[in-house]
Amino acid sequence: MRIGFLGFGKSNRSLLKYLLKHQEAKFFVSEAKTLDGETKKFLEEHSVEYEEGGHTEKLLDCDVVYVSPGIKPDTSIIKLLSSRGAKLSTELQLFLDNVDPKKVVGITGTDGKSTATALMHHVLSRRGFKTFLGGNFGTPAVEALEGEYDYYVLEMSSFQLFWSERPYLSNFLVLNISEDHLDWHSSFEEYVDSKLKPAFLQTEGDLFVYNKHIERLRNLEGVRSRKIPFWTGENFATERELIVHGKKYTLPGNYPYQTRENILAVSILYMEMFNELESFLELLRDFKPLPHRMEYLGQIDGRHFYNDSKATSTHAVLGALSNFDKVVLIMCGIGKKENYSLFVEKASPKLKHLIMFGEISKELAPFVGKIPHSIVENMEEAFEKAMEVSEKGDVILLSPGGASFDMYENYAKRGEHFRELFERHGGDKV
């Protein structure tokens, strides 16, 4: 048997290491970029054939090709493989094929999925279960096959689900769906279909928890599992209360809108698993939200600073804005072909001043109209401008609305830069 790897990113690296231990086969790695010396040494030591700097027809000789999630469907090598009937799969699919689906909790959504995944892992672990945390969040799922776990909590991206043939699992949560990754997916409909793929594979004994607004995007009549929507009369959250199955519970703290949505969705899963929420609310007390997600940094001269660098879509930015009355907003990065006219219409009542830099400024600028705005060159200039146009009591919010790769290695580096500027300007930390 000959197994191919199209792209050699994090997930395919973990998959190859697993298969080298557990399967007799010949392996072939095809990577568009140049492989580093350490990677080449590893491949050569394990007699793994490879090519770099592009993909060739050698992949056609493989019985199965594992696709890295970031590979776009319209690439020439994918078109070639598909035209020849090649079997394509993913690291995620191999994992799901080798575990009890009842132990898997899959979480997806346009925004908030990392926080929800971390929260689900937190409450299960603190309850005493040996719980694996991974998927699109940190550790590739296949690494969990080397151990024994009570539960596997996985963040799932639309890319992973698109390339997985049959991602079946018993517990599935969809937080929200809005326009995103339209630079990767051929249409919004394809994006929605990818996100919801596991739901339509579930059977009557399974559980599907989802945001009610999804019913406007896709007919869910074909889903056979138990469907529980939230943001309904029975399941919703206010600033101080959680309502699950019509019963009220007091939240143990103050949370921004996005975090309340995560708490609400995860609490429903928890209720279905354990038939009570009192312990969930107690465990929630010591859950620490992830950085770069509505992270309150502190104050400078009475101005309040928030780092929301993880917000890489306009939907996420609107969610951040919903927590405030008027905001000095910093947006930057690479946009995702969203409807910026509609975004500006929805955001404008919340904006005291809009500061933009990076590629997204070119896409946003034609729509800002009479909104006070500035276009700057970089984060340093954006920070200075925010200080200049704000006054005591104002909120200064970094919520980029775009990917970071035009100027930063990732969203975390972008958020760290914003935090460094805050500290350099004498910010009083929380």
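Including glycine, each Cβ sits where the backbone N, Cα and C put it.
Copied over from Swiss-Prot, here are the features:
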BINDING   Gly109, Thr110, Asp111, Gly112, Lys113, Ser114, Thr115  ATP binding site
Position of peak Cβ density within 10 Å, selected from the binding-site residues Thr110, Ser114, Thr115: Thr115
Extra residues within 8 Å (Cβ to Cβ centroid of Gly109, Thr110, Asp111, Gly112, Lys113, Ser114, Thr115), ATP: Ile107, Ala116, Leu175, Asn176, Gln258, Asn262
Nonlocal residues around Lys113 (ATP binding site), in sequence order (Cβ under 8 Å, 6 or more apart): Ile107, Asn136, Phe137, Glu155, Met156, Leu175
Number of other Cβ atoms within 10 Å of the Cβ of Gly112 (ATP binding site) across all protein chains: 22
Proximal but sequence-remote residues of the same chain as Asp111 (ATP binding site) (Cβ under 8 Å, at least 6 apart): Leu175, Asn176, Ser178, Gln258, Ala311, Ser313, His315, Ala316, Gly319
For Gly109 (ATP binding site), nearby residues of its own chain (Cβ under 8 Å, 6 or more apart in sequence): Ala116, Leu173, Val174, Leu175, Asn176, Ile177, Lys195, Asn211
